[in-house]
Amino acid sequence: AEVSQAPWGEVPGQGVVHLWLLQSPQLQVEILTLGATIKSVFSRGRDGRSADVVLGYDHLQGYLSDRRYLGATVGRVANRIAKGLFVVDGVQYKLDTNNGPNAIHGGLQGFSKALWRAEAVDAGVQLSLTSPDGDQGYPGELHVSLTYTLKEGTLTAEYRAQADKTTPINLTNHAYFNLAGQGAPDIYDHQVSISAQWYLPVDDTSIPTGDIRPVEGTLFDLRKPVLLGPRLKELPGPGFDHNFCLCASKDVWKERRAARVVHPASGRVLEVWTSQPGLQFYTANYLDGSVVGKGGVPYGKHSSFCLETQNWPDAVNQPTFPNCLLQAGEQYHHVTRLSFTTAP
């Protein structure tokens, strides 16, 4: 892949935001150093034409004021922590509650609002960040790196981190996709399959209840391709915003195919592979047209989907869930691959 970069604006008091461009014959990817954000992915359809399949903004100000995490890398802990509270080594920590009664996606000024350092690597860019002890309420100084590389039609994200105190960690990217092209009104004509035998039911604040339920015989059974429009009509509530369990809670995590999404009209296909134990499938239930994105398009409900590869939500408070505590000196590491192809 060809790699280039250019300044893309400035954050007052923080510095210059750069846009990195990764290009292969099959794919063009734009990455911002603000929030280690996936700004755009241009993917070819069956007709040979490229379309940008990631929601976002045309200008830096959109990302600075964004509250929906469009394309952003979120942390220190992605997803929700119940009541913004957790205990590590006998000490209780209190986070900002920025999602109803709960904490979400690392806090009011989490990694999605940070300006990451960047350097070129072979076929990609490595972004890095130091999160100080006490940042957003979390314990320990944390050093994070995220390397994006592009090979043919596959974008790989490799996350690493190390801390000097025990801290919860759960990193993911929060790109919103529409394989018809960003700006298309909905995802009802997309077919989705998710390789999970279990899912996590949630309470009325979207915190997992602690149950781990089989998908068999439920509307959450997405093991075979399901057309999203009819399924979303059947599903109680506003849509999918649930963790699908890619492995049992005590299994060894290994890289596996998590999901496949097909847009039959264009022929675009997205496959997601990850070494993480969970996948949060979210159907943009809370976009309501008030967010105006690229090209002046208002983004509405069900205009896109997120496939957030991650640990299970609220794992720091749920002892039967996979461990999310990074011990001092240990290495946090996971890999997620997004593979874009075209169906015949």
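Glycine residues also receive a Cβ, built from the backbone N, Cα and C atoms like all the rest.
TrEMBL lists His174 with the feature active site, proton donor. Per TrEMBL, active site, proton acceptor is recorded for Glu308. According to TrEMBL, the feature beta-D-galactose binding site maps to Asn79, Arg80, His174, Ala175, Tyr176, Asp241.
When the recorded positions Asn79, Arg80, Asp241, Glu308 are compared by Cα distance to His174 (active site, proton donor), the shortest distance belongs to Glu308. The two recorded residues Asp241 (beta-D-galactose binding site) and the residue listed as 'active site, proton acceptor' have their Cα atoms spaced 10 Å from each other.
Between the CA atoms of Ala175 (beta-D-galactose binding site) and the residue listed as 'active site, proton acceptor' there is a gap of 8 Å. Cβ environment of Tyr176 (beta-D-galactose binding site): Val54, Leu55, Arg68, Leu70, Gly71, Gln182, Ala284, Leu287, Tyr299, Ser303, Ser304, Phe305, Cys306 lie under 8 Å away, each six or more residues apart in the same chain. Within 10 Å of the Cβ of Arg80 (beta-D-galactose binding site) there are 26 other Cβ atoms, across all protein chains.
In this structure the C-alpha atoms belonging to the residue listed as 'active site, proton acceptor' and Asn79 (beta-D-galactose binding site) are separated by 9 Å. The record assigns Asn79, Arg80, His174, Ala175, Tyr176, Asp241 to the beta-D-galactose site; their largest pairwise CA distance measures 18 Å.
The sparsest Cβ neighbourhood within 10 Å, among the listed recorded positions (Asp241, Glu308), is found at Asp241.
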